[in-house]
Amino acid sequence: MAEKVSEDVMLLHGDLDLKIVKARRLPNMDMFSEHLRRLFTACNACARPTDTDDVDPRDKGEFGDKNIRSHRKVITSDPYVTVVVPQATLARTRVLKNSQEPLWDEKFNISIAHPFAYLEFQVKDDDVFGAQIIGTAKIPVRDIASGERISGWFPVLGASGKPPKAETAIFIDMKFTPFDQIHSYRCGIAGDPERRGVRRTYFPVRKGSQVRLYQDAHVMDGTLPAIGLDNGKVYEHGKCWEDICYAISEAHHMIYIVGWSIFHKIKLVRETKVPRDKDMTLGELLKYKSQEGVRVLLLVWDDKTSHDKFGIKTPGVMGTHDEETRKFFKHSSVICVLSPRYASSKLGLFKQQASPSSSIYIMTVVGTLFTHHQKCVLVDTQAVGNNRKVTAFIGGLDLCDGRYDTPEHRILHDLDTVFKDDFHNPTFPAGTKAPRQPWHDLHCRIDGPAAYDVLINFEQRWRKATRWKEFSLRLKGKTHWQDDALIRIGRISWILSPVFKFLKDGTSIIPEDDPCVWVSKEDDPENWHVQIFRSIDSGSVKGFPKYEDEAEAQHLECAKRLVVDKSIQTAYIQTIRSAQHFIYIENQYFLGSSYAWPSYRDAGADNLIPMELALKIVSKIRAKERFAVYVVIPLWPEGDPKSGPVQEILYWQSQTMQMMYDVIAKELKAVQSDAHPLDYLNFYCLGKREQLPDDMPATNGSVVSDSYNFQRFMIYVHAKGMIVDDEYVLMGSANINQRSMAGTKDTEIAMGAYQPNHTWAHKGRHPRGQVYGYRMSLWAEHLGKTGDEFVEPSDLECLKKVNTISEENWKRFIDPKFSELQGHLIKYPLQVDVDGKVSPLPDYETFPDVGGKIIGAHSMALPDTLTT
């Protein structure tokens, strides 16, 4: 799709197949360095010529290294190319050392949803003190939008408008395809007749799987209504932490846990009729299993702001308990590794200083600002006969304090029983009398081939983390580290496993889909296809290919000296483009596509997800088809809503909303529709009002919050999931923001899954499989009821019914007099007019009880990379 925005600017929406081949006659940008080299080597003219480069032979220039045997290598430019549109970088080649005739020969498949006049190819020289622009080649958007192949030499011009040298140019080959002409987007991911899942990802789609979907940490029997499915089945509500506890208890060989936070004091089982393991903490359970001979490995994010040395304890900014958990397991057979979010070891100090928003980006910033955010539990479980298999749990739930909750989301009840020693509400200072912060999340269990892909992720990260640990111990004069702790499951005959292979350089070879680890047959009505996605780079894994052509073959991106897997964003883009009826999102954050914001377009939050959602709606408006997008987010990000970081995140969020409604309103006017933008896109949050229990202790001497007095508080939406057309579910640890989607910032893991026998394509009608049951179960929790009026989310009548309930709930939530809500769903407290203008509700510019602007405020004191 190509839409004219102004005389020169067009908005392109589709895929760009691009090949950056080579450049010619680049200038020597390192002349000063070359003069220094000659000065220092003048006295050693007879020295034996050597090749001092540590460069991959594939990274030589167009003429290779034919002169290297007779002459010392001349220091010259280290060129690379960035592909940019205004306020967004679309692609970046690797750096080629010392070459004025570089041959990159790199291919890119770029998802585009950007307005621009020219596509720019900036040729840069990588330097120890930062990159220098050699020059830029520009291709007009009109030429690209034609869809014709563009191939040839394009002049590289400097800032003066002239080439730095005569005939300086870059050779480019490209072709743009509008998204509505791409066949794979027409059927939906689940309805693809080729069943290839999301294309161009590191892990392929896996067949023969089983998935169990969870809402919240626990669901008590009878608290949610029965939901009928196809074939006479009834949706079964899972008990997440109880299932995880049972799986850990029954493990025979391995328990691997990855977390942003893992707290040894939490209890997984609290409200159950089965007494088993009810009184045992997570730490006690893991020690017990390790004493049975089970290999227990914990990989926890190392928060660099927390410390426990020389008797001085600093809990850290994020309060993850990492040092406390490490200390608890220190003298046990449980191996607990704290893993910092290091940048790539291939980046030098100055290479890590370059940042879109700040030149002061020292090496420690990566480890301080960004995190390991994945949440995974891997255990061996019972398979067919006497065999064992690998089972994975992934999603948004860390095994730590504040996460246990149920669909009731109590805020004042059971604080001394169910939530004893587990009170969590960071909105208020310690000691304040306040409601607990209820926690809503999504999680899942995976059995089958995809669970082994989660295992590959763990092993790649473990090898990298223990490599850093080994280096640290050597610096301290120690020589041993238990770096061979991973179970070699391929050597244990009764543990079913595909064949894992590695190249000599340690590169992981992703195994083919192996029927030996299938847990269901393809003709089984309850069969699942599952695919694993990640946001991660070579600074956090050991096993990525070292060469560009191998990375390209594994659908990884090369960015200067990094190899990047950003398949979570790829999955979101392709799934949104493939949606046919509706999209339902729950996410802790919602911001992106900053290149199209009304203000601060250079914030760097250039993930495509919000723009893709808006353009999906636009495409349906043009086709005169119904489509609806529902987005559930927290009322405010966790913490004090008056604080600078929270206010800035809220500001980015409101900028994102405004951009989306602008796009939709403009299209409605273009087709002369009298529809309202809210007929297509709506934002919601969750809240709770609960009367004080009769046995609540007196508040004598305590600072009492208004939230406590009014008996209300938001339900914190920590979920990271998307349901499309009731046939495809995408969930994991990734937020919808730049930190989670970039691949070079927070590390994330997610899964996309569907039942091939429960799709629109297979049924010829609205499917009612497990994904449908999951969405209806979530809506039953949020809306306080279920029924036929919620079966078709794309219908305008359904959308208006949801809005009626959510708007009434907002009125009840803010009423000074206690009034119980119907469910928990609340219309997000911003108003949108027919022109798409987003503004605060009259008399409610700040959050009730706690303050802070609902629309947020920009802060000049914070780096944008922290809050985007």
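A Cβ is built for glycine as well, from the same backbone N, Cα and C atoms used for every other residue.
Per Swiss-Prot, the feature active site maps to HIS373 (among others); the stated evidence is sequence analysis. Taking Cβ-Cβ distances under 8 Å and a sequence separation of 6 or more, the neighbours of HIS373 (active site) in its chain are TRP260, TRP301, SER733, ALA734, SER740, ASP746, THR747, GLU748.
Annotation for LYS375 (active site): spatial neighbours VAL258, GLY259, TRP260, ILE394, GLY395, GLY396, LEU397, ASP398, LEU399, HIS443, SER733, ILE749, criterion Cβ-Cβ under 8 Å with sequence separation of six or more. What Swiss-Prot lists as active site is LYS375 (among others), and the listing cites sequence analysis.
According to Swiss-Prot, the feature active site maps to ASP380 (among others), an assignment based on sequence analysis. Its own atom aside, the Cβ of ASP380 (active site) has 26 Cβ atoms within 10 angstroms in the protein chains shown. Annotation note: ASP380 (active site) sits in a strand segment as assigned by DSSP.
Summarising the environment of HIS718 (active site), the number of other Cβ atoms within 10 Å of its Cβ, over all protein chains shown, is 22. Taken residue by residue with DSSP, HIS718 (active site) is part of neither helix nor strand, so it is coil. Taken from Swiss-Prot, the feature active site covers HIS718 (among others), and the record attributes it to sequence analysis.
Among the features that Swiss-Prot reports, active site is placed at LYS720 (among others). Sequence-distant neighbours of LYS720 (active site): residues of the same chain at least 6 apart with a C-beta under 8 Å from its C-beta are GLY395, GLY396, LEU442, GLU586, ASN587, GLN588, MET731, GLY732, SER733, ALA734, ASN735, ILE736, SER740, ALA750.
Residues annotated as active site in Swiss-Prot, with sequence analysis given as evidence: ASP725 (among others). Applying an 8 A CB threshold to same-chain residues 6+ apart, the list for ASP725 (active site) reads GLY188, ALA190, ALA579, GLN580, HIS581, PHE582, TRP760.
As annotated by Swiss-Prot, 1,2-diacyl-sn-glycero-3-phosphate binding site applies to HIS373, GLN588, HIS718.
Swiss-Prot lists 1-154 with the feature domain 'C2', giving sequence analysis as the kind of evidence.
According to Swiss-Prot, the feature domain 'PLD phosphodiesterase 2' maps to 713-740. Looking only at the domain 'PLD phosphodiesterase 2' (713-740), the predicted model's pLDDT averages out at 99.
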Across all chains shown, how many C-beta atoms besides its own are within 10 angstroms of the C-beta of GLN588 (1,2-diacyl-sn-glycero-3-phosphate binding site)?
22
To the nearest whole angstrom, state the Cα distance for the pair ASP380 (active site) and HIS718 (active site).
28
Go ahead and report the DSSP secondary structure tallies for the domain 'PLD phosphodiesterase 2' (713-740): helix first, then strand, then coil.
3 helix, 15 strand, 10 coil
According to DSSP, which of helix, strand or coil covers GLN588 (1,2-diacyl-sn-glycero-3-phosphate binding site)?
coil
Extra residues within 8 Å (Cβ to Cβ centroid of HIS373, GLN588, HIS718), 1,2-diacyl-sn-glycero-3-phosphate:
GLY396, TYR589, ALA719, LYS720, SER733, ASN735
